[in-house]
């Protein structure tokens, strides 16, 4: 409320009360002013009333909310359902223009400001999380796989003769399909086993570069966050190799923002070698609905080039969701989540280790994986060929979501390429196992209940075999 309206209010209500209310409003406005001035995530989170005041202020700057607006175009921000309008805080125009997702819309000053601020706040969080030299980023309304595809398509213009992407194997369908969808031929490099861990075969990558020729390689496509016993790729070595051969390097950092180790690998890789862009999911790292990702890099020009490759305008929903979340949490609130996640990782490891020992199994030793853990299922495999997969379905029907049970010898064909030992990231991993992860937002209660139910399922399978009250359980879907 401007000063003139405040003065008018004093004609109706005591001026002392109006001044008190005006001062309270200025408290909200001071927070908003600081955000607009600094473009960084506030240290302490905002109240819902501050967030809603801010979003309403943005919404009234968009043409669809002008009191005297007369729209005669094909895209005027019209919404038939008031419920839909409220769900989006009346920010209807989306972000970007037909030629650039980062461009300002003349009809939508508020939505454009939302887009710019979201990218700025997210960039601040990436720096806080460990990649301090990141130069630029933008939120894109696509999940990780399609965002990787956008990066590859952008590189096509820089390397028009290249047709191959070197890819250290990671058994996750969308990152493999991201290369196929972009029209490139993935060159799968099998991992090497070191103890229980599956690690990057650097010698094999070097051989592939020599065989294919650096000029024919679009990029190296590496991974940080992954399911144990696969561990993050050796980013420093790969980045050094890419710099030496002048080959671009794209990193799939899907849920790596929540891990200081994954972010440190990216920072170090960029420091000693070459990383052109790294991509991370919004839902996995910031606890928002699926549908958005962050594309970030160390060369602002290249990041802008990627944003210009996106055709048309885009939904503002992912940007709105992550901005609301980060303003509500504040930088300190988000850092608390990261600290809790790391602490619960240790708790999960101890609980799984104890449970594994009680059932004659063991927790696989994967110290280089900071998020995911794996427990062997050798005894279960020995008791029945079907018992391992049956365990997965038993857990799923008992509402334990996210736990992945990996049997031996599974084959999967994706876009004409057959993966042997699919989901284990290896053609011949020596044992079946169960995955569990400590991801941001997990609680100690989640771990305790999961371990309790897992213990009951293992006891039931060992006592009665695969028909232990669960033959009717359907097979659990693959988790990616």
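Here the Cβ of each residue, glycine as well, is placed from N, Cα and C on the backbone.
Residues or ranges marked as pyridoxal 5'-phosphate binding site in TrEMBL: 75. The substrate binding site annotation in TrEMBL covers 97, 98, 105, 313. Residues annotated as tRNA binding site in TrEMBL: 271, 398, 463. Annotated N6-(pyridoxal phosphate)lysine per TrEMBL: 284, in sequence order.
Spatial neighbours are here defined as Cα atoms within 10 angstroms of one another, and by that definition residue 105 (substrate binding site) has no neighbours among the recorded positions 75, 271, 284, 398. Note on proximity: of the recorded positions 75, 97, 98, 284, 313, the one nearest residue 463 (tRNA binding site) is 284, by Cα distance. Counting other Cβ atoms within 10 Å of each Cβ, the lowest count among the recorded positions 97, 284, 313, 398, 463 belongs to 463.
By a simple count of nearby Cβ atoms, those within 10 Å, the most crowded of the binding-site residues 98, 105 is 105.
A distance of 33 Å separates the Cα atom of residue 284 (N6-(pyridoxal phosphate)lysine) from that of residue 75 (pyridoxal 5'-phosphate binding site).
Within the same chain, residues at least six positions away from residue 75 (pyridoxal 5'-phosphate binding site) with a Cβ under 8 Å of its Cβ are 93. Reported as a whole number, the C-alpha separation between residue 97 (substrate binding site) and residue 398 (tRNA binding site) equals 47 Å. Excluding the listed site residues 97, 98, 105, 313, the same chain places 94, 95, 96, 99, 100, 103, 312 with Cβ atoms within 8 Å of the centre of the substrate site Cβ atoms. Around the Cβ of residue 271 (tRNA binding site), the same chain contributes 133, each under 8 angstroms and 6 or more positions distant in sequence. For the pair residue 313 (substrate binding site) and residue 398 (tRNA binding site), the C-alpha distance works out to 42 angstrom. Geometry remark: residue 98 (substrate binding site) versus residue 398 (tRNA binding site), CA distance 47 Å. Residues 271, 398, 463, recorded as binding tRNA, reach a greatest CA to CA spacing of 55 Å.
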